[in-house]
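**Student:** There's a structure below that I have some questions on.
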Protein chains: 2
Amino acid sequence: MASASLSEYPPVLSPEEEQYLLSNLKDWSIAHGLAVRPPPTFVSTSQDPSGVLASTAPVTLFPSLFPRTCFEDGLSLQTAYNELYAAIARDEEWLQGIVEELIEIDDFVGKLWQTHLAVKKEGYVQDVTLGLFRSDYMIHSDSASSASSPGLRQVEFNTIASSFGGLSSQVSALHQHLLAIDAYPSSATETIKKDALVRSKSTFSLAKGLAAAHKAYGQSRSGKPLCVLFVVQDPERNVFDQRHLEYVLLEGSGIRSFRIPFHRTLKDTKLDNEKTLLYTPPHSPSAVFEVTTVYFRAGYTPDDYPKEEDWDARLHLERSRAIKCPSILTHLAGCKKVQQVLATPHSPHLSRFVPDEETARRIQETFAPIYPLDDSDAGREARKLANDPTSAARYVLKPQREGGGNNVYRKAIPDFLKSLPETHWPAYILMEMIEPPPLRNSILRNGELQSGGVICELGVYGVCLWRNGSGEVSNGEVLQNWEAGYLLRTKGDQSEEGGVAAGFGAVDSCCLV
Amino acid sequence: MASASLSEYPPVLSPEEEQYLLSNLKDWSIAHGLAVRPPPTFVSTSQDPSGVLASTAPVTLFPSLFPRTCFEDGLSLQTAYNELYAAIARDEEWLQGIVEELIEIDDFVGKLWQTHLAVKKEGYVQDVTLGLFRSDYMIHSDSASSASSPGLRQVEFNTIASSFGGLSSQVSALHQHLLAIDAYPSSATETIKKDALVRSKSTFSLAKGLAAAHKAYGQSRSGKPLCVLFVVQDPERNVFDQRHLEYVLLEGSGIRSFRIPFHRTLKDTKLDNEKTLLYTPPHSPSAVFEVTTVYFRAGYTPDDYPKEEDWDARLHLERSRAIKCPSILTHLAGCKKVQQVLATPHSPHLSRFVPDEETARRIQETFAPIYPLDDSDAGREARKLANDPTSAARYVLKPQREGGGNNVYRKAIPDFLKSLPETHWPAYILMEMIEPPPLRNSILRNGELQSGGVICELGVYGVCLWRNGSGEVSNGEVLQNWEAGYLLRTKGDQSEEGGVAAGFGAVDSCCLV
C-alpha cells in the first residue's frame, strides 16, 4: 500500500468527472434502495409528515483501499469467531464471573443478567440460539516498524443488532457499477479494477441465517402460521438496511416477518401456556402468528428501556419458546469486558474456548492489547498507563456497554478518570489505540460532499446457530456456522486538516490492494 | 365488474390497516426504486441543492380493477399495432398527405417534416428504425346499454418517449408484495388474489428492444466502442423510470449507455464523414463512443426546442447512421391526425396498412369515433357536433401534437372554438368521449393520501424493429416485434365529490376481474 500511485488515491476528479460520478451514484443508490430516511436536520417532520422522502445513504465515492491479506484473514477467521462466541454464550458459569464484576457499576449489564436469572429459574424452553454477528476490525500499521506488514486489529465483536448488512451488499454493488460505467477515471483503474472490488453477500447470507433459525424451530405448536419478528426501534432512519433482509427472507425462503417496535412488545405478543410466542398484528387482530425467531434490532442500548415495562418486555421475549437472535447470554457475551479478558496478554481464557492452538493463535493475533481497570495486577498496570498523559496518548478508554459514542481518547483519559469515583473505573477498559494507515476518500452525506483523511473499519458478518446443551463448554452443538459477507465503514479521521466530518460514518466497500 | 363486492372496492381500511399498508408501501417503493425526484413545491432546490432526496413515485394503494378480457385483448393486439405503425412510418407518401394538412397550422409538425425532408434530400444512411411504442386505452362502458360488455377504446398511440415502463414493472411488483404480506384486508382477497395481479415485464422487455437495435446496428465502423444514447430532458424528475432500463441494458446485455440532455447534442456528438454518430462523454473527452441507437426521451414537445439550434440538433441526429428510436417519420406517425384518419368511420386507410381483415376489424373495435375539423364531409359534420353545447358534451377536442394537457372537454368546446380563427380548427380533432366505469382508489402523491373516484388508462408497450425499405408499404421488413408489458395509469376523475386531485396521474397495476 505504499507505492506512489496508491498514495495518490483516490484520484482528483475534474468537475465533469465529479458530476458524472455523482449523478450516477445518486440515481443508482435510490434505484437500488441504498438509502436512509433523512435526519430531521435535513428534512423536518412538518415538511414530510407521512415520511415518503428518502436520501442516498451516506456513502463513499470510491471504494477504500484495503490490504488483500488482511481482508482474507478477516473473512477466513469468522467461523472460528462464531464458534468462540457461541461457546462463551453457552458457558453461563464463566460469563457469570465476567458479568458479576460489572453488575454493581453497569446497571444495564446488571438488568440483563437479572433477566437471564429470572428465565433460568423457571427454565429455558428454547435450547437453540441464533447469532448474526459482526466482528469489526481496523488495520494497524506499526509506524515504529516500517518493515512489518499491516495487520487486522479487532475493534469490537457485535453479538446483537449487527447493522448495515442490507446496505453493505448495495454499496459494494454500487462501486462495481461505477467501475463498469467508467465513472472512475482511467488514471485510477490500475487500482480500481474488477478483481479488486469485492461484492458483499451480507444481505443474502444474513437472511439465510434467519431462515435457518426459522427452520430449526420446527413445526407450529399452536397451529398458527409461523413468522420471524424483527424487534425494532421506532422511528428507525436506517430502515432500508433492515427491509432488505426482510425482502430476501420472503422472496428467497417464503418466510413471513413482521416489524414490531420494541415498546409494543407486551401489547402485540403473548405467551401461551407452553410459552409459545404469539404475535397479533395490530392491523389484523384475528390473524395470529407463532413466532419462530426474535431478531433484535433494538434492545441493545439502555435508551431502548426508558420504562420498567421495557425490561418486562425483554424478559417476556427471553422466556418464550422463540429462538432469540440473540439470547441474553449471547448479548452479554458481546460485552467489552469479555473482549478485554480474552485480549489481556497471557490470558488463559481464549484457550478455554478455542482448544485448537493454531486457531487460537490466529484469533489472538487480531487482538489489540486490552487491560482491565480493576484491582488485578494487569489492572494496576493499566491505571498507571491511563493516568499518565504521555502513555495515555496511545490508548482509548471504552465503557463496557454497547452502542459506541462514549469512548474517551488518548490525552483526555487522565482528566476523565479524575472526574470519576475510582469505584466506577472497572466499568471501563483500556485499549491500545490502533494506528490505521493514512487513507483519503470522499463521502456524500445528506447531500454534502466532503473529502479528506478517513479511517476504515472492516466488519465481517457471521451466522451461527447452536444448541446450548447443559451450559457447559463441552456440551452444546453448533448446527450452522458460516461467514456472511462484510461491511466497510468509513469515517473522517480526526485530523484538523481532513475535510470529512469526524466521527460520522459512511458505508463503503473494499478495493483490495 | 358489477357485483356487490366489486362495487365496494377498494375496501375501507381501519387506521391500523392503513398504517401497515402505507409503511410497507413507502419502504418497499424506496428499496426498489419506485421513486421520483420530488417536485420543487415539495422540496426546494435550495434545501437539497445536490439532489439526493427522492420520494415514493405517485402510486395507488390498491391495484385497480380491470376487466380480464379487455386486458387480454389489449396485450394480444399489440404486435398488430406495432406492425401498423411501422407500416405507416415506412409510407412517406401517405404520411405526407396527412402532414401537409397540418404544416401551416402546427409549426411543430412542420418543423419535424422539414427536418425529414432535409435528411431525405441527402439520403438516409440508416434503414433500420426502432419503435418502443405504447398504445393507451380506456375502458368504455356504454351506459345506454347495460347489456353490452365493456370494451377497450384507444386514447392515443405513443411512438416517442413512451414513459413509465421502468416504474410499471415496479408498481406491479409492489402490489404483489402488499398482497403477499397481507396488507390487503381479508375482505378484499376474494378480489385481490395472486392470479388476478399481473406483473408487468416492461422494464426487461423495453431494454431488450434497445438491445435488439444495438445488435442490428452491427459492427463498429469507427473502431470505437459502441453505446446507446438516451437523449433526455434536463432536469428530469422521472429519472428512475429511465435508469431502470439503463441498468437492465447493462446488466442483462452488457450494453453501455449514456444520458445526454437534448440541449447538449451538438456539443457532445459529431458525425464523421460516413455519418457515424460519435459521442464524447464530457467527463472523459478521450473516450469516444460510436452510437448505435438514439433513444429519445426528449424532443417530443415544442418546449424541448427553445432555440433554432435545437432543431439543428434533431436534424444532426436524424442524419446520422445511428438507429433512431424513433425516426422522425415514426414520430410523425404518432400524430393524433393519423389516429383520426384511421378512426374516422368508413375510412379506407386502415385496410391499406392492415390487409388482414380480421386483424383490421379487431383494431377498428378499439377506435373511438374520431372526426377531423376540416372541410371534408366528416369535418363539416364534426363542426356541427362541436359547436352545439348539447352534442359537444359527448366529445373531447384534442390538438394534433403530442404531450397532453391541452385537451378541451365537452361543454367547453364551443366557446374554445369561437376563440380560435376557423383556419386553425384543423389543428384539432374531435373525439367521442370514452365513458369509463366508475372506479375508486387511493393515491399517495408527495406524501398526501387522496381517495375517491378514479379513471384508469391501460398502456400496452410494444417493441418493433424494422427496415424501411424503399418507403412503400409493400417494402420493408419487420425484424423484431413483440408486446412488451403494460402500464396502468390512474388519476382522479373530474367529479366534484372525488377526493383524488383531478388530472394528476399515479402508477398503478391491474387487478383482473
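Every residue gets a Cβ built from N, Cα and C, even glycine.
Quick paste from TrEMBL:
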- B:ARG134, B:160-163, B:236-238, B:GLN242, B:297-300, B:ARG489, B:500-501: substrate binding site (BINDING)
- B:GLU156, B:LYS336, B:398-407, B:TYR409, B:431-434, B:GLU457, B:LYS491, B:GLU497: ATP binding site (BINDING)
- B:GLU156, B:ASN158, B:GLU402: Mg(2+) binding site (BINDING)
- B:227-333: domain 'Glutathione synthase substrate-binding' (DOMAIN)
**Student:** Determine the Cβ neighbour count for B:ALA298 (substrate binding site): the number of other Cβ atoms within 10 Å of its Cβ.
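**Tutor:** If we count other Cβ atoms within 10 Å of B:ALA298 (substrate binding site), we arrive at 23.
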**Student:** Within 10 Å of the Cβ of B:MET433 (ATP binding site), how many other Cβ atoms can be counted across all chains shown?
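**Tutor:** Excluding its own Cβ, B:MET433 (ATP binding site) sees 16 Cβ atoms within 10 Å.
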**Student:** Select one residue from B:TYR300, B:TYR409: among these binding-site residues, choose the one with the most other Cβ atoms within 10 Å of its Cβ.
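**Tutor:** Of B:TYR300, B:TYR409, the one with the most crowded Cβ is B:TYR300.
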**Student:** Which ones in the same chain are close to B:ALA161 (substrate binding site), with CB under 8 Å and 6+ residues apart in sequence?
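**Tutor:** Long-range Cβ contacts: B:PHE296, B:ARG297, B:ALA298, B:GLY299, B:TYR300.
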**Student:** Per DSSP, to which secondary structure element type does B:GLN242 (substrate binding site) belong, with helix, strand and coil as the options?
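**Tutor:** DSSP call for B:GLN242 (substrate binding site): helix.
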**Student:** Determine, from DSSP, whether B:LYS491 (ATP binding site) sits in helix, strand or coil.
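**Tutor:** B:LYS491 (ATP binding site) sits in a strand per DSSP.
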**Student:** Within 10 Å of the Cβ of B:GLU156 (ATP binding site), how many other Cβ atoms can you find? Include all protein chains, please.
**Tutor:** 19
**Student:** Might you list, by sequence position, any residue in that chain lying six or more from B:GLN242 (substrate binding site) with a Cβ less than 8 Å away from its Cβ?
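**Tutor:** Result: B:GLY166, B:PHE230, B:VAL232, B:GLU236, B:ARG259, B:ARG297.
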**Student:** Going by a 10 angstroms cut-off between Cβ atoms, which of the binding-site residues B:ASN158, B:SER163 has the sparsest surroundings?
**Tutor:** B:SER163
**Student:** For B:SER163 (substrate binding site), what is the secondary structure state per DSSP, taken as helix, strand or coil?
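**Tutor:** The residue in question, B:SER163 (substrate binding site), is coil (DSSP, three-state).
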**Student:** Per DSSP, how many helix, strand and coil residues does the domain 'Glutathione synthase substrate-binding' (B:227-333) have?
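**Tutor:** DSSP classes over the domain 'Glutathione synthase substrate-binding' (B:227-333) add up to 43 helix, 28 strand, 36 coil.
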**Student:** Taking the Cα atoms as reference points, how far is B:TYR409 (ATP binding site) from B:ASN158 (Mg(2+) binding site) in Å?
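**Tutor:** Cα-Cα distance, B:TYR409 (ATP binding site) to B:ASN158 (Mg(2+) binding site): 21 Å.
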**Student:** Inside 10 Å of the Cβ of B:ARG134 (substrate binding site), count up the other Cβ atoms and send me the figure.
**Tutor:** 30
**Student:** Output the one of B:ARG237, B:LYS491 that, of all these binding-site residues, has the highest number of other Cβ atoms within 10 Å of its Cβ.
**Tutor:** B:LYS491
**Student:** Of the binding-site residues B:ARG134, B:ASN158, B:SER163, B:ARG237, which one has its Cα closest to the Cα of B:PRO399 (ATP binding site)?
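**Tutor:** For B:PRO399 (ATP binding site), the spatially nearest of the binding-site residues is B:ASN158.
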